[in-house]
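Enquirer: Structure in structure tokens, see below.
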Ligand code: AMP
Ligand code: MG
């Protein structure tokens, strides 16, 4: 039996200017490292067949499955604020789209599958470390309930890639609602190709915002829809301590999924100015800057859509500004509601925002671990004697002052301690992909061909809100000598 992919491709039916047709470059000795079996089933694929040698060849780009229409997508983008008129998939090839079990169209893309016409000076390949990192972090985000691209598989190619050192090559199979980015619109805007912008917008509406098909002003509504999804997405990131690291417009998804896991990281100690990425020297993409950057990226999208807003330019600009103006309200509403849940408040009262901000300020000042403080606060909600949250603070007295106010505030609500605790535990994870764990897993794989640590980490992160006593150590922050200070894109 051969693996059957029920492809129904729509993007490759768009005009030729949207992509380049290109097949993956075959590799010598593909070996499957990891198959995401539940995701395979969700996509209508047979996981047993994907685990055969033939399956590995497909997932490595050595064999193109029947029905695939491999393309590299064209896009432009602002990288760290600088516009590049042509980027495109330089090392990723879209095999095609399938309709999943819930009726959603999903892209199946090989990342690291060889050069394309968009590769510029790159080799079109990916190293094993970044592939494992993307697998771990994207699946962790999914388990946390945050919109994200998924990882279907990781294979090693059997061929080396040359970075600063020689590393094992690998291919990640990425699954996304689509790979359409803000930069995809920019590609056509800079070429003043209004017809293409309209085609793309129509495709996006049908695919990601079908409710807007009959809107009175569909393109305005599209911008409003992307603004809302991005505002909610970034709020979700902040609520788990996630730092994307490269929020360039080409890494900003129109569907509202987290996309492009490069030097991304979760912070340990709470620090709003936290940056991990080695290339983010100015802190443009620092933790607390992410909402501002998302709005900046959306403003670039709005500029692309202006020609679809009508002939009167001033009016179009005013309308776009109005729509962009909703970002901060949507973001704040989502962020504040999320924070209230994190501290176990069921109702909204004057003073809540200040109460929560005071906690965050004390956490920053006391280098409290972001994840553990909130999780242990849930324990304290159930049992006031539980003092593990307190222990996160360099000066525990700073926590005591705050906790007194918090207990007074929660006492104004009728919910029992047990109800509050379980509500808090449902939103405050125990387990996040901590940098030092991710690094250790990558080292074991790259240096020792040992994937057991990777498997175990992936397993723990699949149920991040559940205490898993046998894996309790995975919840621990790094010891001083385990701290990872910088992350790299590894491209
Ligand atoms: P990224 O930093 O991953 O968002 O990538 C930015 C751009 O560089 C995209 O156009 C990528 O396709 C391209 N790129 C990144 N790594 C490679 C590589 N190894 N070979 C070719 N193109 C690459
Ligand atoms: Mg990218």
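Yeah, the Cβs are placed from backbone N, Cα and C, and that goes for glycine too.
Quick paste from TrEMBL:
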ACT_SITE  250  active site, proton acceptor
BINDING   88, 90, 91, 111, 123, 124, 174, 181, 260  ATP binding site
BINDING   251, 260  Mg(2+) binding site
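Burial and contacts for the listed features, if you can.
Expert: The secondary structure of residue 250 (active site, proton acceptor), as reduced to three states from DSSP, is helical.
Packing around residue 91 (ATP binding site) is summarised by its Cβ count: 21 other Cβ atoms lie within 10 angstroms of its Cβ, all protein chains included.
Taking all protein chains in view, 22 other C-beta atoms sit within 10 angstroms of the C-beta of residue 251 (Mg(2+) binding site).
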Enquirer: Around residue 123 (ATP binding site), which residues of its chain at least 6 apart sit with Cβ under 8 Å of its Cβ?
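Expert: Within the chain, residue 123 (ATP binding site) has Cβ neighbours under 8 Å at 91, 115, 161, 162.
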Enquirer: Please find which two of 88, 90, 91, 111, 123, 124, 174, 181, 260 have the most distant C-alpha atoms, given that the record lists them as binding ATP, and give only that distance in angstrom, rounded to a whole number.
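Expert: With 88, 90, 91, 111, 123, 124, 174, 181, 260 as the binding residues for ATP, the largest Cα distance is 22 Å.
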Enquirer: Which residues in the same chain, at least 6 apart in sequence, have a Cβ under 8 Å from the Cβ of residue 260 (ATP binding site)?
Expert: 244, 246, 250, 251
Enquirer: Can you tell me which of 88, 91, 123, 250, 251, our recorded positions, come within under 6 Å of ligand 2 at the Cβ?
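Expert: Checking each Cβ against ligand 2, the ones under 6 Å are 250, 251.
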Enquirer: Could you say whether, by DSSP, residue 174 (ATP binding site) belongs to a helix, a strand or a coil region?
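Expert: It is in a strand.
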Enquirer: On a simple 10 Å Cβ count over all chains shown, which one of the binding-site residues 88, 174 is most densely packed?
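Expert: When each Cβ's neighbours within 10 Å are tallied, 174 leads.
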